[in-house]
Amino acid sequence: MAKILCVLYDDPTDGQPTTYARDDLPVIDHYPGGQTTPTPQGTDFTPGHLLGSVSGELGLRSFLESRGHTLVVTSDKEGAGSVFDRELVDADIVISQPFWPAYLTAERIATAKNLKLAVTAGIGSDHVDLDAAISNGVTVAEVTYCNSISVAEHVVMTVLGLVRNFIPSHQIVLDGGWNIADAVSRSYDLEGMHVGTVAAGRIGLAVLRRLAPFDVQLHYTDRHRLPEAVEQELNLTWHESTADMVPHCDVVTINAPLHPETEGLFDDKLIGTMKRGAYLINTARAKIVDRDAVDRALRGGQLAGYGGDVWYPQPAPADHPWRTMPHHAMTPHISGSSLSAQARYAAGTREILESYFAGTPIRDEYLIVEGGALAGTGAHSYSTKEG
Ligand code: NAI
C-alpha cells in the first residue's frame, strides 16, 4: 500500500465554499488537436467545485483510502519541520501544484527513499529537480493540456488589460473618480501591433489563435517549428530565436517551460533590445525573466507594462518588488487554476494514479521523466542540465 503526500494551496479565508457562482461547467472531451481530456475510471467530485485547496483534496481521498492507501494533504511546505518535509521521508508518491509548489529539490529527493512518482496536478514540473528525479529513478508526470487553454485566456486578458490600461481605469471607478485623461493617457488599441510568443506549444499556439482576430501581426519562436499550414493560416512570422524576435514586437508573451535553456532569458540585455514601450506578459515561470531587470525596465519606461501570474518563490513575500512596481498586471498564480481547470487536473491526477497502481503505462503525453530520462512531453519541451 502506498503513502501519497499531497501539497495543495490553503482553503479560502472563509472556508470551503458552500455555494458557487455557476451551476455547471461546459462539457469538453477533447482539446484542440484531438487529445482527450482525462479519462479516469471514476471520479468522486463535482466538476466546478473547489478541488485544488487542502479541503478539496483533488477529490482523491475516498478513491485512495478505499484501496488501502494513505493520503496526507497539507499546505505546510516551507522551512525546517514543515509537514511536507516530515511526511516526505516515507512517501511513495508526491502530488504538488505549480500554484503552491512543493519544491522537490535534489536534497529533498535524497531524503525521500521511497519516492517513485511525483505528479504535478497542473502543467509545469520545474518545481521538481528533474536531474535528481532522473538519477534517482523517480517518474515525473503532469496533466498535460489540462489548463493550457485556461492560461491562454489569461494571457489574452492580460494583453488587453495592459494595452488598453484597464486596471488603472477600473481603479478610478473604485476611487469615485472620473478623470478621463488620467485613464486614456496610457491607453492604446491592440489592432495593428506586432505580437510575439516565446514558444508555440499548447498555450502559445492557443494564444496566437485567440489573438489572430484582433488584426495583429503574429510572430513566434520555438525549438519545434509549427506545420507550414498553421503558419500560413495565422500568417505567422517565425524567428530562429527569442533574441531575433523581440525587437520586432510591441507585445511579447512567454509560454515556454522553465528549464536550463530558458532560465534568466529576459535579462537587462534582452529587454534592452525590445521596442521602447513594449509589453511583456509572462504566465510561464518567473525565473525565465530577471526579477529586478523587469522592475528597472518598467520604472525607466523601456517596458510599458508587465503582467502575468508567476512569481519566485511562491507564495511571493509581502515585499516582493513586483507587488509595487508601476504598470503591472500581476495576479497570484491563478491562471491555470480556474474551477474549470481544476476539474480536469483533478481527473487527470486520478487517471495517472489509476495507471500507476494498475501497472499500466501512464499516457505518454503526461510524462516528463521516466526510466531515468526525459520522456513524453518532457523530451519534447524540456532539457536537463546536461542538455
Ligand atoms: P507545451 O509542452 O505544449 O509547450 C511548450 C513549448 O515550449 C514547446 O513547443 C517547446 O518546444 C517550447 N520550448 C521549450 N524550450 C524552448 C526554448 N528554449 N525556446 C523556445 N521554445 C521552447 O506546454 P504548454 O501547455 O504550452 O505550457 C508551457 C508552460 O506554461 C508550462 O511548462 C508551464 O511552465 C507554464 N504553465 C503555466 C500555467 C499557469 O497557471 N500560469 C499553467 C500551465 C502551464
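Backbone N, Cα and C atoms are what each Cβ position is placed from, and that goes for glycine too.
Computed from a predicted structure; not experimentally measured.
Annotation comment: TrEMBL describes 86-363 as domain 'D-isomer specific 2-hydroxyacid dehydrogenase catalytic'. Taking the domain 'D-isomer specific 2-hydroxyacid dehydrogenase catalytic' (86-363) as a whole, pLDDT averages 98 in the prediction.
If you look up TrEMBL, you'll see ILE123, ASN147 marked as substrate binding site. According to DSSP, ILE123 (substrate binding site) is assigned to coil rather than to any helix or strand. All protein chains included, ILE123 (substrate binding site) registers 28 other Cβ atoms within 10 Å of its own Cβ.
Per TrEMBL, the feature NAD(+) binding site maps to SER148, 202-203, ASP222, 257-261, THR283, ASP309, 333-336, SER381. Around GLU261 (NAD(+) binding site), the same-chain residues at least 6 positions away in sequence with a Cβ under 8 Å from its Cβ are ARG223, SER383.
The feature domain 'D-isomer specific 2-hydroxyacid dehydrogenase NAD-binding' is assigned by TrEMBL to 157-335.
The site 'Important for catalytic activity' annotation in TrEMBL covers ARG285 (among others). Long-range Cβ proximity for ARG285 (site 'Important for catalytic activity'), meaning a same-chain Cβ under 8 A and a gap of 6 or more residues, is found for GLY124, ASP126, PRO257, LEU258, THR262, VAL310, TYR312.
With a 10 A radius on its CB, HIS333 (site 'Important for catalytic activity') counts 24 other CB atoms from all the protein chains. In the three-state DSSP classification, HIS333 (site 'Important for catalytic activity') falls within coil. Annotated site 'Important for catalytic activity' per TrEMBL: HIS333 (among others), in sequence order.
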Pairwise CA distance, HIS333 (site 'Important for catalytic activity') versus ASP309 (NAD(+) binding site), rounded so that it is a whole Å: 5
Largest tally of Cβ atoms lying within 10 Å of a Cβ, found at which of the binding-site residues ILE203, ILE334: ILE203
Three-state secondary structure, which DSSP defines for SER148 (NAD(+) binding site): helix
Euclidean distance between Cα atoms of ASN147 (substrate binding site) and HIS259 (NAD(+) binding site), Å: 20
Which of PRO257, GLY336, the listed binding-site residues, has fewest other Cβ atoms within 10 Å: PRO257
ASN147 (substrate binding site): nearby binding-site residues from ILE203, ASP309, GLY336, Cα cut-off 10 Å: ILE203, GLY336
